[in-house]
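> So Swiss-Prot has the following annotated:
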type: BINDING; residues: G222, P223, P224, G225, T226, G227, K228, T229; note: ATP binding site
type: COMPBIAS; residues: 20-32; note: compositional bias 'Low complexity'
type: COMPBIAS; residues: 35-51; note: compositional bias 'Basic and acidic residues'
type: MOD_RES; residues: S2; note: N-acetylserine
type: REGION; residues: 1-51; note: region 'Disordered'
Amino acid sequence: MSEEQDPLLAGLGETSGDNHTQQSHEQQPEQPQETEEHHEEEPSRVDPEQEAHNKALNQFKRKLLEHRRYDDQLKQRRQNIRDLEKLYDKTENDIKALQSIGQLIGEVMKELSEEKYIVKASSGPRYIVGVRNSVDRSKLKKGVRVTLDITTLTIMRILPRETDPLVYNMTSFEQGEITFDGIGGLTEQIRELREVIELPLKNPEIFQRVGIKPPKGVLLYGPPGTGKTLLAKAVAATIGANFIFSPASGIVDKYIGESARIIREMFAYAKEHEPCIIFMDEVDAIGGRRFSEGTSADREIQRTLMELLTQMDGFDNLGQTKIIMATNRPDTLDPALLRPGRLDRKVEIPLPNEAGRLEIFKIHTAKVKKTGEFDFEAAVKMSDGFNGADIRNCATEAGFFAIRDDRDHINPDDLMKAVRKVAEVKKLEGTIEYQKL
């Protein structure tokens with residue numbers, strides 16, 4: 001700490017200056033009136049007592065500054081000691097880890113007493129084992145993974161639940177900044193979806209008060225590009241719950257039983273991290289109708305579907321886990337999957353009407369630089385049969401027309417040319433007739 005920053009030194013300096021000024025005034029003799037005849041200058045006098053006082057004060061300042069410096073050094077040394085202690089502890093733990101032998105992994109089967117448990121080792125045998133004193137007994141429930149000492153088989157620590165890497169990667173889905181305000185033409189569908197998913201998670205007491213059971217899940221079906229996946233993303237971003245994004249095709253595995261195991265792991269992870277939403281896109285990959293004939297691969301898909309049905313039946317009605325499924329082929333789904341009690345609500349996501357297309361045009365061109373008066377009504381009339389993805393593509397194509405003309409904005413003519421171009425491409429697409437489920 002410098003002398004200017006130290007309030008004590010500053011105070012001492014002010015006191016010294018005041019004393020010196022006072023002594024000077026006290027010692028200054030009365031000046032005689034000067035006359036023209038005689039003027040005599042007296043030599044300045046130095047008070048020995050004042051000189052000793054100033055000397056002692058300066059010495060005290062030096063000692064105080066030295067004390068401050070030593071105090072800062074002491075603090076730095078203590079911080080260094082704490083850092084070295086942390087490094088020492090880490091090194092000790094590393095040495096112990098290198099010198100210690102491995103431990104077995106087991107699963108708690110039953111509690112016999114506070115100190116004795118039946119544990120199933122990973123190799124298969126079951127043992128009655130003790131517990132280390134530092135282990136929390138209240139967490140030793142049935143099915144909990146623990147480590148066992150390789151010699152005494154004592155429970156050493158509790159392990160987290162084993163999660164399949166494939167299931168864990170499903171939880172790292174990027175939700176983005178999608179909101180319901182960015183989805184146009186689906187007001188009624190958004191209301192139905194939020195009633196089934198959001199309302200039971202945020203206000204479950206409403207259903208208890210009325211005396212009804214909230215639905216377990218919802219099926220979104222309709223033509224491609226109408227916003228089914230977008231709705232699920234908006235739900236996840238709005239509620240703030242844990243979200244598992246699982247394309248149904250990614251669940252299918254070539255080894256027998258692996259697909260069903262992934263389904264079990266996924267639902268177990270969801271129950272442990274409630275509130276949680278499971279979104280299965282293109283569910284027709286595993287939810288197709290079952291039939292007696294078929295290859296071994298078809299039978300494996302049917303076993304996966306049966307495991308999915310079993311897990312959905314095991315849900316608590318007022319639990320904090322909800323499921324959303326999406327497909328553009330609802331006619332191929334198995335009736336057992338569609339029955340009430342599993343997917344209680346089916347929401348059709350149709351092609352947008354004129355009002356919906358107008359709203360979608362405004363949403364997708366909101367952030368685009370524009371010049372001139374845009375007549376969206378003309379674009380809406382020309383875009384009959386377009387879905388939301390087609391309208392977004394119109395905004396992109398209009399931007400390309402502006403780039404070709406070396407402009408940094410689009411004009412109404414660019415948008416009309418883009419609509420005509422997308423309409424020409426739409427002729428190549430087939431159509432599927434959808435009926436309400």
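The backbone N, Cα and C atoms fix where each Cβ goes, glycine too.
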> Through the lens of DSSP with three states only, how would you label G225 (ATP binding site)?
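Where G225 (ATP binding site) sits, the three-state DSSP reduction gives coil.
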> Quick one: among the binding-site residues G222, P223, P224, G225, G227, which has the most Cβ atoms sitting within 10 Å of its own Cβ?
G227
> Taking the mean position of the Cβ atoms of G222, P223, P224, G225, T226, G227, K228, T229 as the ATP site, which residues outside that list, in the same chain, have a Cβ no more than 8 Å away, listed in sequence order?
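For the ATP site, the extra neighbours are A326, N328, I349, N387, G388, A389.
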> Counting all other Cβ atoms within 10 Å across every protein chain shown, which of the binding-site residues T226, T229 scores highest?
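The most densely surrounded of these binding-site residues is T226.
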> What are the sequence-distant neighbours of K228 (ATP binding site), meaning same chain, six or more residues apart, C-beta distance under 8 angstroms?
L220, Y221, G222, D281, A326, N328, I349
